[in-house]
Each structure stands twice: as C-alpha cells, then as structure tokens.
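Visitor: As listed in Swiss-Prot for this protein:
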{"type": "BINDING", "residues": "H118", "note": "chlorophyll a ChlzD1 binding site"}
{"type": "BINDING", "residues": "Y126", "note": "pheophytin a binding site"}
{"type": "BINDING", "residues": "D170, E189, H332, E333, D342, A344", "note": "[CaMn4O5] cluster binding site"}
{"type": "BINDING", "residues": "H198", "note": "chlorophyll a PD1 binding site"}
{"type": "BINDING", "residues": "H215, S264, F265", "note": "quinone binding site"}
{"type": "BINDING", "residues": "H215, H272", "note": "Fe cation binding site"}
{"type": "SITE", "residues": "Y161", "note": "site 'Tyrosine radical intermediate'"}
{"type": "SITE", "residues": "H190", "note": "site 'Stabilizes free radical intermediate'"}
{"type": "TRANSMEM", "residues": "29-46", "note": "transmembrane segment"}
{"type": "TRANSMEM", "residues": "118-133", "note": "transmembrane segment"}
{"type": "TRANSMEM", "residues": "142-156", "note": "transmembrane segment"}
{"type": "TRANSMEM", "residues": "197-218", "note": "transmembrane segment"}
{"type": "TRANSMEM", "residues": "274-288", "note": "transmembrane segment"}
Amino acid sequence: MTTTLERRESASFWEQFCAWITSTENRLYIGWFGCLMFPTLLSAISAYIIAFIAAPPVDIDGIREPVAGSLLYGNNIISGAVVPSSNAIGVHFYPIWEAASIDEWLYNGGTYQLVVLHFFIGVCAYIGREWELSYRLGMRPWICVAFSAPVAAAAAVFVIYPIGQGSFSDGMPLGISGTFNFMLVFQAEHNILMHPFHMLGVAGVFGGSLFSAMHGSLVTSSLIRETTENESANYGYKFGQEEETYNIVAAHGYFGRLIFQYASFNNSRALHFFLGAWPVVGIWFTAMGVATMAFNLNGFNFNQSVVDSQGRVINTWADILNRSNLGMEVMHERNAHNFPLDLAAGESLPVALVAPAVAA
C-alpha cells in the first residue's frame, strides 16, 4: 500500500491576521472598523478619566479667568467636567505639538479636543463595525442605521455646533452639570424649545419610551406557556427556537380592546419597524435642529405677538420664555461681556437728561 503525504501550505502571518480580525467566532468581534474604533475610543476614555480626576483649570472664555473642572481641584461627580477648549483657540486644531508646553496645552483646554475628536472618530467606526458584523453574519444592515441617531446627536453638540459658533469653547462640557449648563445657555441663545425639530425629538424620545414600555409589558403578559404550573415558565424557551415565544394575536386583541382596534399592530415586522423608527427619526430631527441653530437659524420668536385694540401687549408664554432666556443669558459668561447679545445690540437710549432734584 502506498501512502501519499501532501505538503500543507501554511498561511502567511498577514492571512492569519486577516482571518482573526474578520472572524465571527471571536468572543468580541474586532473587524476592520474595530482596528480604528478600539484605539480611538481607548484614547478618548483614558484621557477623559485622567482629565476628570486631575486636569488643571482651563481658560474657557479666553479672558485669563480659568475654570476648574477636575476632582482634585475641588469638584465632585456632579460638578466635575472636562472643560471645553479656550475661546482664544477658537476652532483651530490644537494637538499637543501645537502648544509651547504641556502646561500651556492644558491651560487652553487641549484635553477637550483630544477627547471629543477621538470619541467622534471612535463612534463613527463603531457604526461601521456594526454594519461589518451584520454583513459577516448575513443580517440586514438596520442596526447601524439606528445607531446613527445618537452619533448624529453627538456630532451636532461636539463638532458641528462649535464650528458654527466659531469656537470649541461653545461645545458641550463633558460632565453632568456642564451638560445642564450647555442646555440652559443653548436655550438662552437659540430658543431651542420653540424649534419644531426639537419638538419632534422630544416626541421621539418620550414616545419611544412609552412604546417600548407598552411593547415589553404586552409581550411579557402574553407568553406562551410551555411548562407546567410547578416549573418556571423560563424553562420552556431556548435561544433561537423556531416556535413563537409570545402570542401576538392575544396581545393585539388585548390592546385593540383597551384603546381601539387600529391602535395595535397585528404584523410583527411592522410593529418592530415602528418601535425602531420612531425614536431614531426623532433624534435625527433633534440633531438637524442643533446643526441648524449652530449657524444661528434659531427657534421661532413669537414675542409680543398678541396685542389688544389699543396696541398694548398681552403677554403669552412666548414672552415669559423670552424673559427667562434674557435672564439666563445675563448670567452666562458674566465676566466676558456686560450684557447679553440681545440687549447689547440695540440702540442705546438715554434714561435721564438731568439729575433729579433732591428735596431739602
């Protein structure tokens, strides 16, 4: 008997590397987009943690009045933040090598640009990695489309808005109270509450929460029991089973009687498309709204729109909102300018021509 031994060709190191990168058998899928995502996100996270703990104060307004944001400089978890880059830098690209020293780079808030730009590249690569894994597994590509909504929102507040306003100092601070400060100042300067795209975003977020709660409770309440009363219902199901887990007809009938017939879905694909599309489209609109307001195309102004027959103004909620906007703008950057832009831009009027007479 003759035995023939065929020499086995060994794959090159590059081929082995490619197979490992694109393998769906790995516990954590890497992918070619992951080669960009992992280093950028790790850089952003590392810089953020270090800056949140120990970064020195940043001259955010460019007027030599630094603002402290780190824990070691007196902040706590609520008040702490990575403070945005200085207004003196504007929208210039400000890597470490552009500064004369590390101290100057930290004083001008270079850490903020480092974190934000690496984070933005990382989450964009995460979208690509979602598409790549879906492609490898033969799935449809809608997961990455859904994730594009929060990425669009992040791009709007961290990249597009600072560019539109002319300075990264107008970007959203990376902290809890800094986020709230950004929201208040945004309302004061752009009247975002009166912008229709923001209204659609609110409907998307709150509506999505409502629909998610309704769907989850209906599914949990209409599970098809596969076990006896003496066993847990969870033992009757296994991951990837072909049989239905819950009775959509029963859920449809319940909800149709609870509200009205056409308020419920009897098609699972249409139902889940709606659950995915509603919040995603809403957040897309919010991101577009912030992007347009970045270039000062602001919310509607209905101030002093209602007057009586004598021409006297009848205040509406729009006027109340306008007064609160002016108040917030007065408090914002109080040392950088004396008046809000809305007040400082008007023609000055004399308030007194002569000194009042004082009775003896």
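Cβ from N, Cα, C; glycine included.
Not measured: the values here are computed from a predicted model.
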Visitor: Might you list, by sequence position, any residue in that chain lying six or more from S264 (quinone binding site) with a Cβ less than 8 Å away from its Cβ?
Guide: A251, H252, F255, G256
Visitor: Measure the Cβ-based neighbour count of D170 ([CaMn4O5] cluster binding site), defined as the other Cβ atoms within 10 Å of its Cβ.
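Guide: For D170 ([CaMn4O5] cluster binding site), the 10 Å Cβ neighbour count is 23.
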Visitor: Between the binding-site residues H118, H215, H332, whose Cβ has more other Cβ atoms within 10 Å than any of the rest?
Guide: H118
Visitor: Among the binding-site residues D170, E189, F265, H272, H332, E333, report those whose Cα falls within 10 Å of that of Y161 (site 'Tyrosine radical intermediate'); none is a fine answer.
Guide: D170
Visitor: Determine which residues of this chain, when H215, S264, F265 are set aside, have a Cβ within 8 Å of the centroid of the quinone site's Cβ atoms, and list them as they appear in the sequence.
Guide: M214, L218, A251, H252, F255, L271, F274
Visitor: Can you work out whether the transmembrane segment (197-218) touches the transmembrane segment (274-288), with the criterion being 3+ CB pairs under 8 Å where the paired residues are 6 or more apart along the chain?
Guide: yes
Visitor: Do you know offhand how many angstrom separate Y126 (pheophytin a binding site) and H215 (quinone binding site) by C-alpha?
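Guide: Distance between the two Cα atoms comes out at 28 Å.
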Visitor: E189 ([CaMn4O5] cluster binding site) to H118 (chlorophyll a ChlzD1 binding site): how many Å between their Cα atoms?
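Guide: Distance (Cα to Cα, whole Å): 28 Å.
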Visitor: Under 8 Å between C-beta atoms and at least six residues away from its ends: which parts of the chain pack against the transmembrane segment (142-156)?
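Guide: Counting only partners 6 or more residues beyond its ends, the transmembrane segment (142-156) has Cβ contacts under 8 Å with 119-120, 123-124, 126-128, 130-131, 134, 276, 279-281, 283-284, 286-288, 290-291, 294.
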Visitor: Long-range same-chain neighbours of the residue listed as 'chlorophyll a PD1 binding site', Cβ under 8 Å, sequence gap at least 6?
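Guide: Listed in sequence order: I192, F285, T286, G289, G299.
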Visitor: Please give the greatest C-alpha separation between any two of the quinone-binding residues H215, S264, F265, in angstrom, as a whole number.
Guide: 10
Visitor: Tell me whether S264 (quinone binding site) sits in a helix, a strand or coil according to DSSP.
Guide: coil
Visitor: What Cα-Cα separation, expressed in whole Å, is found between H190 (site 'Stabilizes free radical intermediate') and H272 (Fe cation binding site)?
Guide: 35
Visitor: May I ask you to report the DSSP-based helix, strand or coil state of E333 ([CaMn4O5] cluster binding site)?
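Guide: DSSP call for E333 ([CaMn4O5] cluster binding site): coil, neither helix nor strand.
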